[in-house]
Amino acid sequence: MELPNYSRQLLQQLYTLCKEQQFCDCTISIGTIYFRAHKLVLAAASLLFKTLLDNTDTISIDASVVSPEEFALLLEMMYTGKLPVGKHNFSKIISLADSLQMFDVAVSCKNLLTSLVNCSVQGQVVRDVSAPSSETFRKEPEKPQVEILSSEGAGEPHSSPELAATPGGPVKAETEEAAHSVSQEMSVNSPTAQESQRNAETPAETPTTAEACSPSPAVQTFSEAKKTSTEPGCERKHYQLNFLLENEGVFSDALMVTQDVLKKLEMCSEIKGPQKEMIVKCFEGEGGHSAFQRILGKVREESLDVQTVVSLLRLYQYSNPAVKTALLDRKPEDVDTVQPKGSTEEGKTLSVLLLEHKEDLIQCVTQLRPIMESLETAKEEFLTGTEKRVILNCCEGRTPKETIENLLHRMTEEKTLTAEGLVKLLQAVKTTFPNLGLLLEKLQKSATLPSTTVQPSPDDYGTELLRRYHENLSEIFTDNQILLKMISHMTSLAPGEREVMEKLVKRDSGSGGFNSLISAVLEKQTLSATAIWQLLLVVQETKTCPLDLLMEEIRREPGADAFFRAVTTPEHATLETILRHNQLILEAIQQKIEYKLFTSEEEHLAETVKEILSIPSETASPEASLRAVLSRAMEKSVPAIEICHLLCSVHKSFPGLQPVMQELAYIGVLTKEDGEKETWKVSNKFHLEANNKEDEKAAKEDSQPGEQNDQGETGSLPGQQEKEASASPDPAKKSFICKACDKSFHFYCRLKVHMKRCRVAKSKQVQCKECSETKDSKKELDKHQLEAHGAGGEPDAPKKKKKRLPVTCDLCGREFAHASGMQYHKLTEHFDEKPFSCEECGAKFAANSTLKNHLRLHTGDRPFMCKHCLMTFTQASALAYHTKKKHSEGKMYACQYCDAVFAQSIELSRHVRTHTGDKPYVCRDCGKGFRQANGLSIHLHTFHNIEDPYDCKKCRMSFPTLQDHRKHIHEVHSKEYHPCPTCGKIFSAPSMLERHVVTHVGGKPFSCGICNKAYQQLSGLWYHNRTHHPDVFAAQNHRSSKFSSLQCSSCDKTFPNTIEHKKHIKAEHADMKFHECDQCKELFPTPALLQVHVKCQHSGSQPFRCLYCAATFRFPGALQHHVTTEHFKQSETTFPCELCGELFTSQAQLDSHLESEHPKVMSTETQAAASQMAQVIQTPEPVAPTEQVITLEETQLAGSQVFVTLPDSQASQASSELVAVTVEDLLDGTVTLICGEAK
């Protein structure tokens, strides 16, 4: 029992469940959109999904690869096998299916597309013919007969006159040609038809009689074409007309809009003169199908060329896909040649026949002497000079078999020899080889068309291509700004060409900049065609415009591959030409060496060139020879331009090189000297391209980051190597010239790179400055100086950098390569400090560089550009990742289990989990594990409705709420984490928690190690260091301080650092005394600072002791934090010593401490204060010395306190009073401060 279409019904039910998100066991995320589906369906449709879903339930796809809308289409196709109704980019869907390894979907779509395109031209077409109208009879009364020819081999007879159609009825024509051509009714009982049927070898079903009716033009044309002479031209015209008739519906639909046709026709430069006027007349009446019928009538009358109509249709091939398909299906063998049935040789080109009979030619030609003699004795018009040179090069030093193979290769691949020229040569020597004459006669009878002619020069060929594809290219290039951007990125353009192109594009204010460039090539001839094609290749490479389809079609043109090779790799074309003449060049070089006409440098280069061109005769093919020459030239570091310079020098004394020079000039490498007919030089354009290529390659090899300082290796340059160029092409730029070989460069860095490789500089002898001994090279001189004098030849060479030791975070022990990295780590991980904020959106950042990266999101600035593909990025890290990922630059991370390579180590870690099965991210609710955190997030979002999960960094578990997360840390990781009891914030170190808790009790945990100033926030301490200790702050942070000024306390002058400050003190204030540390000799302006320094740095212990317990601390800020958190409540008041930071519970204890511990300091500071300003509190009468400290109520000390000294002008200054005053007393008027100048 078989259930019909049960599989389709099952898939439909699965698709219904998928849309309802029932029984779905996997999730596909694209950006923020999630698709639920069934693993089995995805795995069956895609090999990629099958591999990924084997180990996971969640797949994340980048939205740049496939958009959610496109993936929805693909998903529907997987379940239903149908593409939903609507507008879709079908080729994009095929490409996406291919990239996702949905090969069945991609192949099915491609097959469907192919069948849709070919359905109109495949199989036998059967048409119903209808009776002609009376108008037709009136128009063509002079054509009374109908002529019908049956196709040969159309089938055996199976009809009789009784089966013929009645007058006026439709007739089915079963022959293929008739089916494509006949469009009018043929009446029965025609004697002519009966005669044709009797004479045909295989008669078809035709009418037997015909009344006096006129045939259609199609019938007449078809009849004439089938029964006329066997000339190839007539048969070719018939087949070209047949092509137009086959696609009549497609072409007439494309030409439906008359105004559009006339506009395109006006722009088309390929259709000119009478042909253009003829087409315009055809569109004067009714357009559309009627206009195309009028065009077909003109073609039948031979007043309009078929190729002109095809050129008109080509203008629509990119706006009308049906026209493009029809033109692409127009095969050359069906259009240009006619091969009758029963023949295997006739109809093939002469070049194809020569290739097919290569073995016969090798057997016929047994010696080369007759060929050489015929070339020497032949008349000048026998063959062209180029063809003679090609034949001579193929014959020199080779066997007859190798010569025939090379001649055929020159004819088919390089297009430097025509088939007709080769046949002429063989005809001239056929008397010497008897069998050769019979073979040539047979081939010439079979051949129908001449083969391709000699390839024109690259510029001429490029001009012809531009003329042919001008309109298509103009439709693509409509943005002048893109053109200007691409022109600026072209490196192989000469400066003059670049300026001309930019000027032409900028002159056109609209979108016709490309038309201006084409006009400069085709009409004004102020620009070379190769420059335009170089621009097009750059545009295609950068994917700036949709140029791929058109370039693919252009590359199918005959000779296009050789042209584009010459445009993109002129050096290969140059070496290929030199290789063809290698024997002649070697002879010329050897002759000049024997006559000793070379300089020492030229002789060295000549020997190298001889070695490069000495290819053994047993080399398999010309391609292998070229590869060998390229390999040797690269190995010897001899570019093609140096060989060309050598040939220009050799040619002056060896005129026999003239054919080589002409051929090199033919491809644009050489040009004649001004005013000299037979003197050659390397063209400026080729010179520029060679320089750019060499410099880019050298700079790429030498550009290792961090290995050179800013000044570079100037020691390798003998003296100052640059000077102004007198004839620089751009007066605004300098030209740096090598003193050894006079080669000029626009950039100094390129000159430095060149100097390392300059052969002339290396060949010159250099003298040792120490002992006047001469050496052949700089390298030998360096070796001599090192051995004889114990010093290197480059005294200014940069010293090797010391290895930088890593720095360690004192809170968590993590190591960093640089101190700046550790500082950023502390700010973000430990202190949660973000001092830099965005003015646009208020976002805060820990580093200024991070803020700058963020600001580019608002400004849209993308300053980092990829040198390979010109993509731009907002961050340098994004560019670095891109160059690693897309262009394989820099360190890559390889998988030890497979061949996969990744740009970042984290990517490798994620990938390795696919091999090991490790799933470190575990869902707390259901226990499901995931290899990536993203997979866990999607799982929580999809299955548990948890928007933002909280992950534990210790055990990778996830929690839905912050409370659950904190509870987990208290229970499981209490020893590892330290939560704040007040706010619940968690810290990874006890010291971090202590500093944080102070913020709740009003303490100041961040204290200055120099002056003991304490702050509640780290940012306050930073600001204090910047303003009060700028030199120390700059030294600690390895960068110049923002507030780099140190003020003199005596004269208010400011200084950038302590050294300058000390110099100033010694010079201007010599009487001022500094306090020096006995152990480290450091100077301090006040004794209090010295005392704090000794306690903190040299005591070796923790000098600050708690008064209430046995705890000791190294810094006063830590003591203050301890006292405020352990011994006092937040409302209680402490009395800190401003000099040493010690804390006291009462003012009396503080005063006692000041008298016992800091009497000298108090005395010194009292004198300094009295010399500048008197600060007094007026009292009714002096008090006894034992009552100098005024004690106030504790309620009055609840606020901040100010300590004031009271100098006694009448008594000794040592008996000055110390008064503690609260801010409340100053505000409510209880105490009044009277300040005045000291007398």
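Cβ atoms here come from the backbone N, Cα and C positions, even for glycine.
For the annotation phosphoserine, the record in Swiss-Prot points to S703 among the listed residues S229, S703, S1131. Listed ranges 355-378, 403-426, 427-450, 1075-1098; the one Swiss-Prot annotates as zinc finger is 1075-1098. According to Swiss-Prot, of the candidate residues S190, S457, the site noted as phosphoserine is S190. Broken down with DSSP, the zinc finger (864-887) shows 12 helix, 4 strand, 8 coil. Most Cβ pairs within less than 8 Å of the zinc finger (950-973), among stretches 807-830, 836-858, 864-887, 893-915, 921-944, belong to 921-944. When each of 864-887, 893-915, 921-944 is checked for Cβ pairs under 8 Å to the zinc finger (836-858), 864-887 comes out on top. Outside the zinc finger (864-887), and at least 6 residues removed from its termini, the chain residues within Cβ reach (under 8 Å) are 489, 542, 853, 856-857, 903-904. Shown for the zinc finger (836-858): DSSP residue counts in helix, strand and coil, namely 11 helix, 4 strand, 8 coil. Helix, strand and coil content of the zinc finger (807-830), in residues and according to DSSP, is 12 helix, 4 strand, 8 coil. The residues of the zinc finger (893-915), classed with DSSP into helix (H, G, I), strand (E, B) and coil, number 11 helix, 4 strand, 8 coil.
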